[in-house]
């Protein structure tokens, strides 16, 4: 039943050699890797206005334009930088790899953990925003928003567990719909004013304030707008999931992405100025524009719906990105190696599941409130930008290849600006939650180092030199000590005893006594049975079965001498239905677990199957 | 650390032979086994008035008196009945045993499950009522009431895990305080009116209604008052926890209990009449009386506090009762046998933990609201009363011992009245929640029967007749098939291989290939290594390690012939810190679990310890 269920939800298993079929081309690569970046544009402009309007009123639109320019400039820096990264890192050049390669392990891990945090936040923030869009349409659902958000995450998890290609189709289409409808709105919006000569009448009055622009204010506006650039990272991280030629395809997608962002972000900012949209808690800037452009026609609702959908879908970028990142870090032994195993459908299932788990926890902890999550957001992504570009910068400086100055300049500049952005975001959002990231990053880095240490210790101790040959063994002269624990004299025990007798002549039967009456009964029965092997009895006043047995075996082990391995033959009867096991004290299991910690002991389990 | 913590909370382990020291005498037996019964008196009278006052107003007190009489009469029936039970069942005569003995298994199980449900409800209801008392004193805590209730349950659980004697001391004292203060109030309350000639001025006016008493109304009042009798059961169920002579002590406790209930219940009912207390949502009847008797003096608060405390402590009766009941049912193989194992401190830990778990779930599910839980309550206890007395009745009728008519009459009458009560409670409360009990009881009974069937099947198949001697074995002529799975060539594997070679000459190395490159590398390395044992390679396109291995072993097993046992030697490296295990794919563990389901396979685990 369990298996069937997973078949229905996740689909039939795929063979490893079907892997290449699972990769995507430019057409599907664009939406699946960029829905985050594209969707964030929907609120980036508004974020800027939220900072400016309350202080400098009408002047805001002018400075929003400048801020937008800076962001677009920063974006192109990032795009150029990442084009260079893609060239240098054919197997996927996330900030983690770039930073690790060129700046060393710690910076790499910092980038990796910062990015991981941000991926989780992407899922949480986007789904919450999507739910908010839904609930503001149907207020009666407001009470269930946590439930709805979690449900959305689960649906996306299943979609992604089904595999890359399908998920790109599931999640790609809405992205295209959003792009088309928004660009349509921009074009028509401009035509309506400049050609049809429509004069916009703002539905909200701009506060009559005469504050003056300050550098800090402008930087804050810029920082808030930077959310537009979250997700750019994903493309260069996702190179391996592209069809050949993957590098070329990735670069094309990256450029297309830049183009789309430029158009949408620039367009919306321009329309906001044109139609004097004023940010407020009831209606989003995009909605205000859409309303003025389309009135209450069908197109207005198309914009609203596609916006809601893409916000939810944005989360999918993280589902495409984080599992890959985790797999990379697992390959380098900084994460549990399970993250580097492909699931039934060839996706990195463990990463997908982990992501959705943490996202759900965040959503529940923050009661699906976007405004509580926002401050944690975007810090991580810009930390990773900074580090990856610092990495590229040092790379060029070191390499001194032809034209390195030009390339180093681009990355250096990008690094600088990203760094400034980090500082700004950090400062302006610190008390509102950015501090959490400041605690989490070093913590995660520490854990990753611990994991790495563990793996290297294990590898070190397991390594086998060519000279350590297996020792010569003569079966005839073997002297093996075999201990068979006996609780009650039954068929399961007899089977174990028989097996023990096939591997050794010196067998010790061992009984832990918690109940004198029962013990006496056993000894009597065993005596009548007359096999002639004596039973060693140890009393256990504290009703603990395992410890005395282990103690005895340890002592026996000593008697046997360090060279010889003691064999413990454990009878274990196996019930076929899962719940059956609940009904039996798993003594044999416990004993085994404790014995595993002893050297020179081999544990033999002789199963006896019970049919029902 | 873990162990130390449990030491601090639960105390050091106790030896089995310390068991008798853990039993309690009459003085401590009374409070620990009766706090439920005694505390329920605190609201029984009020429950009656809640039914009557709104309909027949001033007449209520007259009929409350009659109802109280009936309940006291019923109580004495129960006491007599249970004295007879204690005489006939020295090892504890809960309704479960009595019904099972005399009416058969099913009735026994019905009684057992009904009682179990009621024990869980006792914990939930009492702690909620206690919390309500606290929160009505400190309203600011109201928002945390679920948390508080759960905390209370956990504290009680720890107390009980510490062991019987101590818990009786922890929980006995408040019971005595309550008894003393309430009896004091009754005495002084009567003196104040009849000797000091104080004329009570009711603080609440009795509704001016002229409804007339009907049989049904009276019966409902009676039924609601019956909550006063919940918990009487506990004494005869708890005989084994009494010091010798346990039967005599139990009977004394039972009589004392009856006396206390008579005094408190009768006294409060009388005072309620005397002082014309009117039930309302703000102030409890007891509080109203206390206020008129003591004013706002310290004694008023003593009454309030002790009431709150004993309500919480009442839950402890269930903690004393249910684990014993479960142990009994486990002994009869109707419950998982773990319930019959004594914990470190000789209490039935598993029962205690299970009880508190379910109680907590109930509290959370019903948001710690007593009024939502009440309707489920008391049905179970009267079902069990009915069955146990029906049992005793048939017992006498069958036995025909001297004076059986008299005894049978008592039990028969008790049975009849209990039965009527069940019907009344069931009918009046069905839609409010009693239906849940009606579903749960048969469900639990079904599960218990399934458990029993399982145990008997296992026992049947394990039973060994004296004639099934171990087969003769000649070590020399033994032909053993040994399979050693190889993933990577390392020390752990070498150790396993060495062990395998000590028990057999025909060894098969088996490798599951998920990655052709890795496999080629392994084969090359193994070739260079030159031990001369070939490796069997099986490709696994679906990246599943376990299945191919199992398949192969099954086939090998077949080749080996059903008579011969195939031995699988599994290398397993053991990391010392618990979290280390998370970092490794537990292939060997999975394989083992799946192999256990195969007949004629012995699994040898050769541990290789990694030090850190």
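Just so it is clear, glycine is given a Cβ too, placed from its N, Cα and C backbone atoms.
TrEMBL assigns the feature transmembrane segment to residues B:141-161, out of the candidate ranges B:15-35, B:36-56, B:141-161. In terms of C-beta pairs under 8 Å, the stretch of B:173-195, B:215-235, B:256-278, B:298-326, B:433-449 lying closest in packing to the transmembrane segment (B:347-368) is B:298-326. Same-chain neighbours of the transmembrane segment (B:433-449): 106, 109-110, 112-114, 116-117, 329, 334-335, 372-376, 379-380, 383, 425-426, counting only residues six or more beyond its ends whose CB sits under 8 Å from a CB of the stretch. Ranked by the number of CB pairs under 8 Å to the transmembrane segment (B:141-161), the listed stretches B:103-121, B:173-195, B:256-278, B:298-326, B:408-427 are led by B:298-326.
Count of Cβ pairs under 8 Å against the transmembrane segment (B:256-278): among B:63-82, B:103-121, B:215-235, B:298-326, the largest is for B:63-82. The transmembrane segment (B:63-82) shares the most Cβ pairs under 8 Å with B:408-427, out of the stretches B:103-121, B:298-326, B:408-427.
Here the transmembrane segment (B:408-427) has long-range neighbours at 74, 77-78, 80-81, 84, 219-220, 222-223, 226, 378-379, 382-383, 385-386, 389-390, 392-393, 396-397, 434, 438, meaning same-chain residues at least 6 beyond its ends whose C-beta is under 8 angstroms from one of its own. Proximity of distant same-chain residues to the transmembrane segment (B:215-235), defined by a Cβ-Cβ separation under 8 Å and at least 6 residues beyond the stretch ends, is recorded for 29, 33-38, 40-41, 43-45, 47-48, 50-52, 55-56, 63-64, 66-68, 70-71, 74-75, 78-79, 82, 86, 94-95, 115, 118, 122, 250, 253-254, 257, 261, 265, 314, 317, 320-321, 377-378, 381-382, 384-385, 388, 420-421, 424-425, 428.
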